[in-house]
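Written below as structure tokens is the structure these notes are about.
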């Protein structure tokens, strides 16, 4: 037995905000337990068979007013708690544009992380303290869940779809990482640690990792080799939309809807190109489902997202 | 108290005639049991089956708690542990908790409480028992072959593409047991609508009848969705139809939506009947009318309806939209209100009572305490930011065990003690029963309360090995489980013994109201001789004017058979 944990460390910006609600709820719950316990215990003693307490006609106010009173009381309490919790999550849930983007790949039974310049690690995640982080996560097989108790953050990681988790680590140190969604035989070993370092230490750590081509550079190469550039390059004779600066922009669709070109949209457009046709273009793009492997798709997505900076500015 | 006790116990050497002709003696031989259409005998058949499954599921729980005594995975392999908690969940949810009160106490009491000779479809009742056992044997067969490792939740795509257990067999067993519960549900609904005694209009029905009625409606509406979603699993795993596989355009989250659309209402299937049982017990031993009878009914109905609209609170971190999460969070807070009303009403039923503390009352008071704790921790889980942190941890495990075990199972034991004299014609030993009730409360708290703490500290569920900093909480939980197991086994011993040694019970040993006490103990084959007529509301334990106000409604016109 190595020490006792009563309360998990608070190591993210969200952790303190969650803990405040939890403590408030603990106080309210304690009050309610004392109230109900007090009522039951008090009545049990006072009105035990044969005691001298007064029985007979009930006072008038006890009849309906009490009932309506505690119905309204609990309803207001419930609405107040709902409002507080919702405001907390609504104001916290704002992914920042300049956040550090890290790709997480989950598989039975490990976590793989890939940092912006290609540094990779397994079952460990190095992060700079005080900087907003955005995890772009995907599973290769079943559903997993990325859970760091010290951050009070958890997000399921799905196959075939990217889920995101945005947070800001605030404390330096090592924190446990768990898989929280049951994923098979070694579910309980699918964990690791998150190492939060000073930003300059993090930069030094990243530079010390074996360098690889940036993910978006690999994506650019794939963009040419699998044939995307045949239509989407600016000089192409085919009438296809240019993808420069597309990421994050609003796109008008042929059926009159407008969608934001986020990762999900880009991904769907590659795998199911006929689903959302951009206005003014013919539905001529073939699907790449079954042609691109998941990691290749991620690289192309990374490339398309990197075009934002070049095209946008 | 002593004069009352003297009334209750009729000495064993008294004339033996009244209890010799009853439903237990009306027919003889093993075959008469397996072909019976008597709802009382079917209730006993169900009790035997459920006892077997409770022991199997309990054995799995013991194995789990033993493994978790130490942080390392040392007692079982990882796969064996996964199969063990899947067995525990599957057996306990579908083969014990869902049918627990409805099919045993409900089957026995529903016709008695509304003054009927039997349920509306006696043969359907018996076939549901056969189907239940068939499904159970199928499940046991899949366990003997090697078991299932998906967890009771069968999440896709794990269950359809990655699990190497006997998923199809287990899923079919659950589909079949679902039909068995639908049969019971339909039967109860028809019985309540058609077979109430003259004068037993809707707002004179005991709350247990209301609770069973609401439960039956939930069963009939929700269970088909479970059947459909499990059949989709069979289609994908068995026949390769891509429904949930994202590589072929399927959506793994679709299964979670379908599954929880059943499985959240299923929680209310498990807890609503215990609300009814507790209402009967508290009124009887407080000698009071239930406080807020109509509010209690509307609370039951509210819970049954809103229970269908909160399934998404199991999926806050699944990747569903934040907007959807907030709506489900709102509805989950709303459903806390009727539950709170019930707790306050039970507490106020004690007000100005003449309270005695026989074992059923101790169980009932324990229930109120455990249910209050379970309900309050539900508020934590309904809050999106807190749920993000504690979902899929031991916090959730503790929460639903407080409701479904601390609540429903305590109520089952309480109800069993309360109606034991009616069912068997014998009195159980009061001292042992009180001891078991107190032990059950404390054993339960010792087992499950530490799980709240380690859950908030970050201990994920379904882990056979865990970081050593959580060990102290696991050791406490495992030690508490020893007490809890003793408390669950003790009544099995003294109740069985009371069948042979217990004093003969009078017709109404608790001086309780309710039609089931207006007939003999044990009741005759056709329940009443002559059939009862009802001219007053339930729980008249004291003069009308001294109790909480009941607006006596216009008699509801009886449906079905002419009066």
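Glycine residues also receive a Cβ, built from the backbone N, Cα and C atoms like all the rest.
TrEMBL lists B:27-535 with the feature domain 'Cytochrome oxidase subunit I profile'.
The transmembrane segment annotation in TrEMBL covers B:43-64 (among others).
Remote same-chain partners of the transmembrane segment (B:84-110), defined as residues 6 or more beyond its termini with a Cβ less than 8 Å from a stretch Cβ, comprise 39-40, 42-44, 46-47, 50, 53-54, 56-57, 60-61, 63-64, 67, 76, 116, 119, 125, 128-129, 132, 135-136, 139, 143, 147-153, 165, 170, 174, 177-178, 180-181, 184, 188, 191-192, 208-209, 212, 215-216, 219, 266, 269-270, 273-274, 276-277, 404, 408-409, 411-412, 415-416, 419, 423, 462, 516. The transmembrane segment feature in TrEMBL is assigned to B:84-110 (among others).
As annotated by TrEMBL, transmembrane segment applies to B:130-148 (among others).
Look at TrEMBL and you will find B:168-195 (among others) tagged as transmembrane segment. For the transmembrane segment (B:168-195), the list of distant contacts is 90, 94-95, 98-99, 102-103, 106-107, 110-111, 114, 116-117, 119-121, 124-125, 127-129, 131-132, 134-136, 138-139, 141-142, 145, 148, 150, 154, 159, 205, 209, 212-213, 215-217, 219-220, 223-224, 226-227, 230-231, 233-234, 237-238, 269, 559-561: same-chain residues at least six beyond its ends, Cβ to Cβ under 8 Å.
According to TrEMBL, the transmembrane segment annotation covers B:207-234 (among others).
Under 8 Å from some Cβ of the transmembrane segment (B:254-278) lie the Cβ atoms of residues 93, 97-98, 100-102, 105-106, 153-156, 181, 206-212, 214-215, 218-219, 221-223, 225-226, 228-229, 232-233, 243-244, 300, 303-304, 307-308, 310-315, 318, 342, 346, 364, 367-368, 371, 400, 403-404, 407-408, 410-412, 414-415, 418, all in the same chain and six or more residues away from its ends. Look at TrEMBL and you will find B:254-278 (among others) tagged as transmembrane segment.
Residues or ranges marked as transmembrane segment by TrEMBL: B:290-310 (among others).
Per TrEMBL, the feature transmembrane segment maps to B:322-341 (among others).
The transmembrane segment feature in TrEMBL is assigned to B:362-382 (among others).
With a threshold of 8 Å between CB atoms, the same-chain residues lying at least 6 positions outside the transmembrane segment (B:394-420) that come near it are 97, 100-101, 104-105, 108-109, 267, 270-271, 273-274, 277-278, 280-281, 284, 359-360, 363-364, 366-367, 370-371, 373-375, 377-378, 380-381, 426-428, 433, 436-437, 440-441, 444, 448-449, 451-452, 454-456, 459-461, 473, 488, 491, 495, 498, 510, 516. Feature annotation from TrEMBL assigns transmembrane segment to B:394-420 (among others).
Feature annotation from TrEMBL assigns transmembrane segment to B:432-458 (among others). If you look at the transmembrane segment (B:432-458), the same-chain residues 6 or more away from its ends with a CB under 8 A from one of its CBs are 357-359, 362-363, 366, 369-370, 377, 389-390, 393-399, 401-402, 405-406, 410, 413-414, 417, 469-470, 473-474, 476-477, 479-488, 490-491, 494.
Per TrEMBL, transmembrane segment is recorded for B:470-491 (among others).
Look at TrEMBL and you will find B:541-563 tagged as region 'Disordered'.
TrEMBL lists B:543-563 with the feature compositional bias 'Basic and acidic residues'.
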Surrounding residues of the transmembrane segment (B:130-148) on its own chain - C-beta under 8 Å, 6+ positions past either end: 46, 49, 52-53, 56, 83, 86-87, 90-91, 95, 99, 103, 163, 165-167, 169-170, 172-177, 179-180, 183
Distant-in-sequence neighbours of the transmembrane segment (B:207-234), which means Cβ under 8 A and at least six residues beyond its ends: 98, 102, 105-106, 109-110, 113-114, 154, 156, 159-160, 167-168, 171-172, 174-175, 178-179, 181-182, 184-189, 192, 243-244, 255, 258-259, 261-263, 265-266, 268-269, 272-277, 279-280, 290, 293, 296-297, 300-301, 303-304, 307-308, 538
Residues from the same chain, set at least six apart from the ends of the transmembrane segment (B:322-341), whose C-beta lies under 8 A from its own: 292, 295-296, 298-300, 302-303, 306-307, 309-313, 315-316, 371, 375, 378-379, 381-384, 387
Within-chain partners of the transmembrane segment (B:43-64) [C-beta distance under 8 Å, separation at least 6 from its ends]: 33, 36, 75-76, 81, 84-85, 87-88, 91-92, 95-96, 99-100, 103-108, 129, 132-133, 136, 140, 423, 481, 485, 488, 492
